[in-house]
Structure formats: C-alpha cells, structure tokens
Amino acid sequence: MAKTYKIAVIPGDGIGKEVTPWAQKALEKAAEGVADFEYENFDLGAERYLRDGAILPEDEEGRIKANDAILLGAVGDPRIKAGILERGLLLKLRFDLDQYVNLRPSKLYKGVTSPLANPGDIDFVVVREGTEGLYCGAGGAVRRNTPQEVATEVSINTAYGVERVVRYAFKLAMKRKKHVTLVHKKNVLVNAGDMWQRIVDKVGEEYPEVTHDYQHIDAATIFLVSDPSRFDVILTDNLFGDILTDEAGSVVGGVGYSASGCINASDEFPSMFEPIHGSAPDIAGQNKANPTAAILSAAMLLEHLGFDDAAKKIHTAVEADIEELGSTVRSTDQVGKDILARM
C-alpha cells in the first residue's frame, strides 16, 4: 500500500489560486501507485489579511508544521504595502521551519526564447543559504529622521549554518554534473568570505568526484549572461543568492517556467515549494496564467520526498509540452490538461 503524505496547500493570492490546483493534479498523477496525498488548505494571504488582519496565526502555523511538505501558490496584493505579507508569512515560515536552503533550478527548455543571443545549454541550479546573512534581521537605526541618523544591517554567518548548506550543495552536485561554484565577495567581505571558502574546501575533500571553483559575485553576474552553460551548482549566501536567482530566471526566458523550494533538509519541518512568479493581480481570475511553474514545483516536492521517477514524469511532460506548444496561446486549464495528458 502506498504511503500517504500530508501536504499543506497555501494558494495565496491572485493567480496562485488558479495554478496551485494543477500542481496538486500533477502530484497525484505522477505519483499514482507509489504515493498518496492528503491536503490541508490554508486561507493565508492578502484576502485574509484585509478581512481580519491575520497573516500567520500561531495555531495555523502549528498545523502547517505537522505536514510533510507545503505547496504555495503566490502571495502579494497592490492594496497591501510591500513587505508586510512577505515578512509576516513567507519569511516567518522560512525561519520558523528552518528552511535553510533556497533551491532554484534554471533550465532553458526547447521552445523557449532566451534574451541571450547565444545562450547555449543552460541547466544549472542555485543553492542559496536561506536563514542567515543580511536577511536575518540583525541591525538597527538610531537618531531616525535626523541628519545624524545611523542605520546598520549586520550579516550573520555561522559555521554551522554555512556547513549544512555547503553539504547540501555537494550532495546535490553528485546527482548532476558534479561541479560546485562558490559565489561570494571574499576579497572585500574577508571574514564571512574566508569562512565560506574554508568550509567549501573542507567539505569538498569528502567529495573527490565533485570539482569546485570560486567566483566573485560581480564576475558571476557577468558569466550568467555571457557563458551560463559553465555552471552546474551555484552555491552562495542569502543576499547574493537573491540577486543571482532573479538573473537566472531571466536568462532562461522569464519566471513562467521556474519553480523554487525552501528546503529543510533535515526533515524536522516541512519544506515549501512554489512557482517563482508573483500573484499577477492584473490577470487573476481570467484563466490566463501559465501553470507550468506551479507544476514544476510539484516535481521538486516529489524529488524532495524521494520520488525521483515520479518527478521525472512531470519534467518529461513539461519539456515535451513546451517544445511543441510553448509558443501557443492557451488558457490556464488547457496548459494543465495538455501537460497531464503527456504523463
């Protein structure tokens, strides 16, 4: 009998509510016979916040933690000041669930036009540290709104936090082309950069099959547009990863075909998977949104649970659909049906 996995579903806002059901359908079809899924839906996002002021109530977060994984649609609404939902929902889940790896695959599919003149074979993944660095909230300000105001943001890097994400990157590289590129700015950020490099060198000794090199962040941004095929696994910190993942999404044709995962690799808490596109309120409710990225997030969820063959069914179906019909204008439902029909 197939094991049943509990999945927390947060459709969120805008087109998130339209594309998430297709991720669920892809999960079920790809894993048919090997895994079953039990869903718990959570009404979290802009509408909930505007209705009763709640972002992530404690009891609901507790129920989310009891699941095996999380499927997220999209969060954001122009009626709400930027940052409120992102900090109160997405970042809170990331930190409370210790999702210390932000995983962002970037692949240029046949049938998708890259903005690069000669993109080559683009297929790499960014492994971004997700709970430390400049985004952990250390810092402050004094003498606000005066000429003497002082503001600080402190980048926190711990050996423990760095080593666990480095190990994740090398383990992932073993399943791919066996190459890791550390991206940092160690010539200027000498303390954090030196620690990152030493830990990469140490862990690298345990993976003799995996080669590794280093690039400064400025050089890496250049190579992402001049020679992206050189990369396999890009390993970097929170801030640099935030920059690189956006650029990576652009070189493969935009956010419509990109998914991401916020991973707790210890499985102490559930990991979260989502398309990287936003809530797109301008087309919400019109059956226009492309569900491909959401469906790819379902493949990432399956890979995380250990169902690589099931995930491959989704990847194969998506690649075939994009190659044949990627330039065809289709509705949300039609794209979803076309992809599922190939599985």
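Each Cβ is built from the backbone N, Cα and C atoms, and glycine gets one as well.
Neighbour density for Arg104 (substrate binding site): within 10 A of its CB lie 22 other CB atoms from the protein chains shown. The annotation substrate binding site is assigned in Swiss-Prot to Arg94, Arg104, Arg128, Asp218.
The site 'Important for catalysis' feature in Swiss-Prot is assigned to Tyr135 (among others); the stated evidence is sequence analysis. Of all Cβ atoms in the shown protein chains, 20 besides its own fall within 10 Å of the Cβ of Tyr135 (site 'Important for catalysis').
Annotation comment: Swiss-Prot describes Lys185 (among others) as site 'Important for catalysis'. Within the same chain, the residues at least 6 positions away from Lys185 (site 'Important for catalysis') whose Cβ sits under 8 Å from its Cβ are Gly193, His216, Ile217, Asp218, Phe240, listed in sequence order. Secondary structure from DSSP puts Lys185 (site 'Important for catalysis') in coil.
The annotation Mg(2+) binding site is assigned in Swiss-Prot to Asp218, Asp242, Asp246 on the grounds of sequence analysis. For the recorded site, Asp246 (Mg(2+) binding site), the DSSP three-state label reads helix. Same-chain residues at least 6 positions away in sequence with a Cβ under 8 Å from that of Asp246 (Mg(2+) binding site) are not found in this chain.
Cβ neighbour count for Asn290 (NAD(+) binding site): 23 (other Cβ atoms within 10 Å of its Cβ, all protein chains included). Residues or ranges marked as NAD(+) binding site by Swiss-Prot: Gly278, Ser279, Ala280, Pro281, Asp282, Ile283, Ala284, Gly285, Gln286, Asn287, Lys288, Ala289, Asn290.
Look at Arg128 (substrate binding site): DSSP puts it in a strand. The Cβ of Ala280 (NAD(+) binding site) lies under 8 Å from the Cβ of Gly14, Ile15, Ala74, Ala289, each of which sits 6+ residues away along the same chain.
Cα of Lys288 (NAD(+) binding site) to Cα of Tyr135 (site 'Important for catalysis'): a distance of 34 Å. The two recorded residues Asp282 (NAD(+) binding site) and Arg128 (substrate binding site) have their Cα atoms spaced 30 Å from each other.
Among the recorded positions listed (Arg94, Arg128, Tyr135, Asp242), Asp242 has its Cα nearest to the Cα of Asn290 (NAD(+) binding site). A strand conformation is recorded for Arg104 (substrate binding site) in the three-state DSSP classification.
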